[in-house]
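> Mind looking over this structure? Questions follow.
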Amino acid sequence: MKIKDLRLGVRLLTKVIVVVSIFGFYNCEDANIETIKINDEWKFKLLEENDAVESDYHLADFNDADWDPICLPHTANLEPLVVNNQWQGICWYRKELKVPASFKDKKLTLEFEAAMNHSKIWINGMEVATHLGGYLPVVIDASKYLEAGKVNKIAVRLNNTDNPLTGPKPLKILDFNMYGGLYRNAWLKAQNKIHISHPVLADKTAGGGVFITYPRVSESESVVKIKTHVVNDDKDSSEVKVVHSIFYDGELIKEQTSNVNVIEADTDFEFVEEININDAKLWSPKAPNLYQVATTVYANNQIVDSSSNRFGIREFTFKDNQLYINGEKTFLRGVNRHQDYPFIGYALSDNAQYRDAKKIKEAGFDYIRLSHYPHSPAFMDACDELGLVVVDAILGWQYYLDNDQFRAYCYKSAKELIYRDRNHPCVLAWEVSLNETKMPVFFMEELNKIVHEQYPGDNVYSCGWMNDVYDIFFQARQHRLLHPERYDESKPYSVSEYGDWEYYSNNAGLNQHSLSRTERYETSSRQKRGYGEARLLQQALNLQESHNDNFNTTAYADSYWVMYDYNRGYHDDIEYSGVMDIFRLPKFGYYFYKSQRDLDEEKVLHIATYWTKESPLNVTVFSNCEEVALFLNDELVAKQLPTKSSISNNLKHPPFSFNIESFKPGTLKAIGYVNGKEVSEHIVKTPKAATKLKMWLDESSVPAEAGVNDVLFLYMVVVDENGTIVPGYSNEVSVEINGDAELMNQGSIEAEAGIATALIKIGKQAGTISVKATSNSLSGDFQCTVK
């Protein structure tokens, strides 16, 4: 199917709906309803200690002329590469919002996808909402406060300091950063008095909005159940019906109309339709087929509302505690992810979220555990499109407050997470658990109950790190090794984290105390890209050993810790256990996981060496081929099968290990064979002296886009005369940008293992962007056209 077209395009679905997007937002001319993204033309102020009293900032007539003009997504503070002391405090946003005159007497909903962490919102000087929590939407019924045909003043006050009611731990002892700001999108939706509700505002058990489930799943015939909650805020009753139009790949395949129901004034009604889909295209990691349903509401035979929702027909079941997707037994190879970028924290564009998900899929993973909080709606959309199974999580990490307010916040978060993400086919389970936190049984029972009340049926699962109550037991490998008595085979079991902590050298690892400090660091999985080949290979070996060991359990899935290096509040350096670094550049471990793909998905062959005089003479090749031949300067070193050992005996595709007697500069060439035939080749050359900077922009199939605060990594690769990367180069690189783009790096830019990275934010104007980079006598140029 045309995944890219689904993500980027809009489709003409019916005469009624003139624009339908995959995000469920739409413009319906006949019904005079509209959803507007309101990311542009905000004003921002970071509150300083010497500022005037902030009591006037919310007033409609406050003069914010000296505030910073910004667009969303926005971070409250640009941080250095290594975040030793993340900013915490109070910041303000203000916006002049002109509401069209056509919105008079409409249902008006204002939504912020996220606001970190304690927010207060004013409209025209009147406080309209307060909200706790920085990861789930802030949704406001603004009908009484916004004036149609006028310029309205929106003010938002955010406080991201430690909050005992939201948790988790205080920043200074937290293993990640929470950053600040309005770091996702903001929307204004206008609907008629008779309308489809917003699930958060409706707060209706297993209802509100449009809710899609799959009572029967098979390729021959599936049943799609669609619940549509319609509210009548009008003064009169109306005869109401809904029409569901289902599309696959842009083509109408099924349409079904409900019975007519009379909805009295100031009441609501839930329409429930079961729709048969013949020759269903099922969703799975290998075939992420997606449908679109346009739901149109008629009142007295007039169109009054419409909504578009994307869905995928799939079934997750467990037999003998093993996972079956659409009846096919499936082991999920996965990874954990934190959602931050360097410098800008959480303020990624939707395009950047997609690029992050695509890198995870390309690394050989089919499953993501979202750590340890709800991630962006755009990231969830990407997982749907790419076939990435997700475990969705509420915020929680090593923190529980024993009072009713904290528990009520957690319960509310669990409900609102399900309201937001329940239609995503990628979601396997809901981690309504506070990670690595001792929780009372009654608390877990209530969270588990919420999952099954809000998403009734057999195809839904809760999960948690304690083996009580939850449907799925999540256990980190280190917890099983330290406490084998807690291992539980009585229910579906997933290795929630592995490969890092049990090798961690600083203060928590296993079997580390007998080693010297140097040995502890060298054997850790926390390896920076610039630490050299031996330590990167050690990380890859740790990943191999621990992933192999997970198959000795009954696990149906495992998730390595972690995909990307990340900053954390409690430590003065970056956490380096990622298979890619914080700039999304791969380490050797990346190719280990990539090589675990099946051959029919991708043929993988990678020589894990730079082949310099410092390189290990035991050369590792990651591949899913049946045989690999390695040549040095066109002389055969060996042609062999994968290297079997006690730490590779369970792997789909063990690495290949070649012993070379002595270093000779030149060319290493690997050839991969399947059924005796050459299918792939990889070459590594000994680097010579650096001659230039080769530059490329990481678009990951999504071109840079103007007007959406798009952010992309620009890589400046130090190469020799043959185009070979020079991994020993670590000097500073200067960057000059021409065009509507901005360099987001804070401080100097230095090459690491031969690559320097600039984070570029694209401005509002389409056109040409050119970048010149220099480092000592080296230089490079880059140019791209932004649409």
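These residue numbers are counts, starting from 1, taken along the chain as shown.
Note: Cβ is positioned from N, Cα and C throughout, glycine not excepted.
Given the structure is predicted, the values throughout are model-derived calculations rather than measurements.
Per TrEMBL, domain 'Glycosyl hydrolases family 2 sugar binding' is recorded for 35-188. Residues or ranges marked as domain 'Glycoside hydrolase family 2 immunoglobulin-like beta-sandwich' by TrEMBL: 213-314. According to TrEMBL, the feature domain 'Glycoside hydrolase family 2 catalytic' maps to 318-437. Among the features that TrEMBL reports, domain 'DUF4982' is placed at 616-679. Look at TrEMBL and you will find 705-779 tagged as domain 'Glycoside hydrolase family 2'.
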> With the domain 'Glycosyl hydrolases family 2 sugar binding' (35-188) as the reference, find which of 213-314, 318-437, 705-779 contributes the most Cβ pairs under 8 Å.
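The stretch I would name here is 318-437.
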> Could you pull the average pLDDT for the domain 'Glycoside hydrolase family 2 immunoglobulin-like beta-sandwich' (213-314)?
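Mean per-residue confidence for the domain 'Glycoside hydrolase family 2 immunoglobulin-like beta-sandwich' (213-314): 98 out of 100.
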> Counting by DSSP, what is the helix, strand and coil composition of the domain 'Glycoside hydrolase family 2' (705-779)?
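Per-class counts: 0 helix, 42 strand, 33 coil.
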> Looking only at the domain 'Glycoside hydrolase family 2 catalytic' (318-437), what are its DSSP counts of helix, strand and coil residues?
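The domain 'Glycoside hydrolase family 2 catalytic' (318-437) comes out at 41 helix, 32 strand, 47 coil.
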> Under the DSSP assignment, what numbers of helix, strand and coil residues are found in the domain 'Glycoside hydrolase family 2 immunoglobulin-like beta-sandwich' (213-314)?
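Counting residues by DSSP class gives 0 helix, 72 strand, 30 coil.
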